[in-house]
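The next block holds one structure in the form of structure tokens; read it before the comments.
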Amino acid sequence: MENIINWFLGSSIRYLLYGLLILAGLWTSKQIMLSTLKLRYAEWKYRYRIRRIQSQTDISHAPSYRHPLTRHLFLLLRTVKDERNDYDVPAFLMLSCLFGFGAWMIVFLILDDIVISFVIGVLVSIIPYLYLRLRLNNLRHMMSTEFLNIVQLITQNYNAQHYDMYHALIETQKEIKNKTMRKVIVKLISDLQVARSEKELRESIQVFTYTAGTSWSKRLGSIILKAYLYDENVLNALMTLSKQMEQTEEMLEEEKSETLDHVYNGYLTLPIFIASLFLGYFTSGAQDWWKLQFGFSPTLFTFILSVVSVVFSLIIALFLKHPKNDL
């Protein structure tokens, strides 16, 4: 018994150190193996997702728009609308035609002139399109102010997620504070997730690049496509894009200030038009201003044309107010 106690007291420290050394080695091996296994699992899952996408047949029955005009309207509606509908383009064209036809009928009944009423009807039918373009322009302006930050976040998360672009986009949208910008990234992630073919993948990225509407966004879209579809390491490309955007940002700010004069000139048309109406009212004297303004075809035509011109002037001024952050 005494020998056992002496052996235990003399050798326990040595065996304890051996045990700690073995545990430290096992823990280190575990960390190295887990890191490698996580990386391999992410690569396997990524390749499985791409193979599944490429192997599936495109069974979508959505209309395919190849004409430049209908393709442009398709991208415009996909960008500004929250809900996705395969028949948005025909519905929008029908709505625009109804607007134009209604304006044509009203002006024709008032002026009894088919040419003037046709011109006014065409101008009114363009207003829904200009409204959508105005929404797109505001969205593009918002994206241009945040685009550099988005590229930097994607670069950081792409590196942190072991070069997995899909999970990098997921982590990026979590860090974006602007709700509108987050919605754009979430829509891109959702479209990539439900894409059933390479064609739909490219279309999803095209919608994203069209939303920003800059050469920077086209380059980023190309980088995302290479990383997502072909599993290429695009970290250097992301870092180069971020660096080039930082270098050109000051130059773009100087160019934006030159458009303010045109914006103010566009806004001036509204107060000038209102002031001209008041001036005509006070200078008409004892005559009936209402009859002079709306009782004769030439003056009524001038009034309608002035209203349409002011509306277009304000819309153009709003377009110029938010130029694209692009070279």
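Cβ atoms here come from the backbone N, Cα and C positions, even for glycine.
No curator has checked TrEMBL annotations; they are predicted automatically.
Taken from TrEMBL, the feature transmembrane segment applies to 12-29 (among others).
The feature transmembrane segment is assigned by TrEMBL to 87-108 (among others).
Residues of the same chain lying 6 or more positions beyond the ends of the transmembrane segment (114-132) and with a Cβ under 8 Å from any Cβ of it are 73, 76-77, 80, 92, 95-97, 99-105, 107-108, 301, 304-305, 308, 311-312, 315. The annotation transmembrane segment is assigned in TrEMBL to 114-132 (among others).
Among the features that TrEMBL reports, transmembrane segment is placed at 264-282 (among others). Counting residues 6+ beyond its ends, the transmembrane segment (264-282) has Cβ neighbours under 8 Å at 289, 292-293, 306-307, 309-310, 313-314, 316-318, 320 in the same chain.
For 294-320 (among others), the entry in TrEMBL reads transmembrane segment.
Under 8 Å from some Cβ of the transmembrane segment (87-108) lie the Cβ atoms of residues 63, 65, 70, 73-74, 77-78, 81, 114, 116-118, 120-129, 304, all in the same chain and six or more residues away from its ends. The list of residues near the transmembrane segment (294-320) in space but at least 6 beyond its ends in sequence, with Cβ under 8 angstroms from a Cβ of it, reads 107, 110-113, 116, 120, 123-124, 127, 130, 133-134, 137, 259, 262-267, 269-270, 273, 288.
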